[in-house]
Structure formats: C-alpha cells, structure tokens
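Feature list (source: TrEMBL):
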type	residues	note
DOMAIN	1-455	domain 'Amino acid permease/ SLC12A'
TRANSMEM	80-101	transmembrane segment
TRANSMEM	107-128	transmembrane segment
TRANSMEM	140-161	transmembrane segment
TRANSMEM	181-202	transmembrane segment
TRANSMEM	223-242	transmembrane segment
TRANSMEM	279-298	transmembrane segment
TRANSMEM	328-347	transmembrane segment
TRANSMEM	353-374	transmembrane segment
TRANSMEM	395-417	transmembrane segment
TRANSMEM	429-450	transmembrane segment
Amino acid sequence: MISIAGTIGTGLFLASGSSISQAGPLGALIAYTMIGSMVFFMMTSLGEMATLIPTAGSFNTYAARFVDPALGFALGVNYFLNWAVTVAVEIAAAAMILQFWVSPDLFPGWAWSLLFLVFMVSVNFMSVRAYGEAEYWFSVVKVLTVIIFIVVGILVDAGVVGGDKIGFRNWTIEGAPIKDGFGGILGVFLVAGFSFQGTELIGIAAGESENPRKNVPKAIKQVFWRILLFYIISIFIIGLVIPNNDPNLLNSGGVDKSAIAISPFTLVLQKAFKPASHIMNAVILITVLSAGNSGMYASTRTLMMLARDGKAPAIFGRVNSRGIPMQSLAFTTLISALCFCASLFGAGEVYNWLLNISSISGFIAWLGIALSHYRFRRAYVAQGGDVSRLPYKAAMFPWGPIYALLLCTVVVCGQGYSEFTKPNPSAINLVACYIGLPFFIAMYVGYKIFYKTKLVPLMECDFSVSNLEDGDIDEFHELYEPSKNQADEKDQ
C-alpha cells in the first residue's frame, strides 16, 4: 500500500490544477507521462538494488558503495534535511486546513501543529509496524478517493451526472490542447516531479520489510499501475472536465482555506454532490498527516544509516529493543520543531530558504539512484555476477537509468524556468530556486576533500549483506553474491 498510494498527496490533490492551466490538458498529460515514465525506470533501478541488498539507508548507502562515499554522504544529508523540513511544512499545512472548519480564534494554529507533531512522533516511537499500519490506512483512504474521483469524472464528462455532455470540448478552446508549447510542458515537469516525490521511500522501507526478496519486487511492480491509474488518468479526467482557463485552476496549488475549495478534485466532485469540499478537506488533512508521518520515518532512518556508515555521530545509529532509532527520532523532531518555530515567529524568509534547500533534494536523490544503479550493474557483471540470477531485474538497462538521469537533470536545471520567463526576473527568487544545488555540491566537495575519497573501482564495490535472516543470507551467498557466481564459473 505504501508503494501504491504512499506518495499521493497535495501535489496531486491540489497542484495538479495549475498544471492544466499552465500547459493545457494535453500538455499536462504529456508532462506527467514523461515524468511518470522516468519515475518508473528509476524505481525499477532502485528495486534491483534494494531486492539484492535491502538496507534502511537505501540509495545513499548504494551511492557510497557503488559510486563514491562523498556522494553517499551528500545524498544522505540532503535527504535527511528534505524530510525533516517536510514534517515542519506538513504540520503547518494541517493547521491551515483545519481553519476550514475551526476558526483560529477558537483554537490557535500552533496548537493544532503541536498536536499533529506529537501524533507523528508517537506513531514512529511505537514501532516500524505502527508506521506501516498508519500508512496502510492513510493509503486506503487516498486510493478510494482517487477511484471515486475517476468514476465520477467519467460520469460527469459523459453527461450522466450533471446533464451536460462535455466530451473533449475543453480540448478545443483557447489554450488547448497544448498551451505555450514545450515551455509550458517544461514548466509542468517541475510540478509533476514534486507530485511523484517520495516514491523512493519503498527503498528505505525495504530494509525493515518482511521478506524483502519477495515483497520489494511485488511493491515495485505496483508502481507502474499507480502511475497510470492515480496520476495519468486523474490528469486526463481533470483536463476533460475542467477548462484550462478556469480561474480556480489559475489560483490553485497552495495549501490554504481557499485552495481546498478550488482543488481540481473538489471542482469535479462538486458537479456530482455539493458537500465535496468538506470531504476533500478531510482527505487532504489525511494526506498531510501521511506525508508528515512518512517524512518522520524517512529522515530518522536516513540519519541512522548515515551514523552506521560513519558519516554522522555514532549515537544516531543506536536502536532500542523495538528497533527504533530513538536518538535519530529525537534529533529529527528537534530540527522539524525548530523549522516550524522559525516560520511561526516571523523568520519566514529563513524558513523559505531552508525549504528551497530541501525541495531540490528529491530530484537529486533520483539522480543518485539512477547513477548508483548504472554502476551497480556494471560492478556486478565485472565481479563475475550472473544478471539472469538476480532476484529482480530493472527494466531496459542501461537505457532506463540513462533516461532517468537525463530527464532528472533537465528538471533540476529547469527549477528557475518560470522565473526566467518573467519580464523582470528576481535575482533573490532565482537564488532561492537553485540554492539547494550549491548546498548539495558543498556537502559532496567538502566530504571528498576532507576524506580524500575517490570513485569506487568496479572490482571493489561492496555487495555484502548483513540485515537479512540467516536463511536469506545463505541464499544470497549461494545464488546472488558476485564472487560466488564467478567461482562457480571458474569451477566449470
């Protein structure tokens, strides 16, 4: 369920409307399809590595093993910061969403945020099973919402509900089907990319999943259907039912009281029944809690693995009797609380810069996954591994990771596209768009210079496993370990 709906969030429920207004219905569909295909290839790359070597450190561990320890460190720090700040963003968003029902005069926003933070910490404090259970039920709600939306959208478009047969009428008005050509599509790349961020959480969860050899490939295979059903079809339905010049779409994309009322999902569902805004408000609140819950889990596990790899203080690598990294959880909570307080007490500019530093890290993580997998497969073959014996094989290697690498690079470089197209672009806004990139580079270069790291030679890449059950480790040595396969070939 985490793989199917764990990352469905405000990016789909709110920001998808701005995609239609920015690029037109077909332009938005093309952008989401291209980004979706890139995410699919990236996830099959992650699946191949996570199935063979499941670890809670996931891609930053793989980057350190197969590319360069400095890259693993930079990816880990960026990813930790990304999700720690995300927790702060989500608890602030949750307070705004509740203003839809409860006036801040009756119950202040900071109090709601504190309650939500306590909830997220409590879920992650209990056990990894509690996190999985919470995400399961959050995902069930999101899946049902999207399925109901698609069914209602088809009925509205066909005229069965509402009495107005729309068909493809909205694809023939001004600005449709594609608005502003490739520039409009490129602008939507960024929105679509943010909508898909978090998909890679499956790789982090793999290290603590039951029977990763069986369950990780099963989860990765669901990614294709999730992308097709929940993103591509939803964007298609929105483009059919709502015209791209609808003023509500032009204003959508934020998380506040007005944004919920004009969510594209709300606009479509309201054509069938009027109380849709209240229902969507509840769903979006659950979505925000889900994102914050996932952010708390991802950041604590990333910090834990950084510590175990010797890239962070050793204290953060410790776990209690339930397997919870308590020191990492406490530090993540502290960072999230400090970021939230920075916003609360008027240091909004500092908070926005922190947010921009973290926002680009999702794309950088995808770049790291694609590059790590390319090196992973080359090292596996170089050390005598038999690709046909891998428990899970990525699609279309090497073109899949290369395609993901190139498209991710376009998205990262295009962060400031909308600002560049303005008549008078703001230097401050441009710096804010790209500040995450020099931060990442500084982490990479600083670690590389201090520890004098180099590109890991293919024959020295580490394929060892340590967190599997005894039987699975025996299976690994017997079937998958490169040196074992190489020895078998020599014996033959």
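Each Cβ is built from the backbone N, Cα and C atoms, and glycine gets one as well.
All TrEMBL annotations are machine predictions without curation.
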Open item on the list: Pairs 6 or more apart in sequence, C-beta under 8 angstroms, 3 or more of them: is that satisfied by the transmembrane segment (181-202) and the transmembrane segment (107-128)?
Closed with: no
Open item on the list: Same chain only, please: residues at least 6 beyond the ends of the transmembrane segment (107-128) with a C-beta under 8 Å from a C-beta of the stretch. Say none if there are none.
Closed with: 87, 90-92, 94-96, 98-99, 134, 208, 289, 292-293, 295-297, 300, 322-324, 326, 329, 333, 336-337, 340, 344
TODO: Express the predicted model's confidence over the domain 'Amino acid permease/ SLC12A' (1-455) as a mean pLDDT, rounded to an integer.
DONE: 84
TODO: Look over the recorded stretches 80-101, 140-161, 429-450 and say which has the most C-beta pairs under 8 A to the transmembrane segment (279-298).
DONE: 80-101
Task: Long-range Cβ neighbours of the transmembrane segment (140-161) (under 8 Å; 6 or more residues past either end) - done: 1, 4-5, 8, 12, 167, 229-230, 233-234, 237-238, 240-241, 265, 268-269, 271-272, 280, 283, 286-287, 290
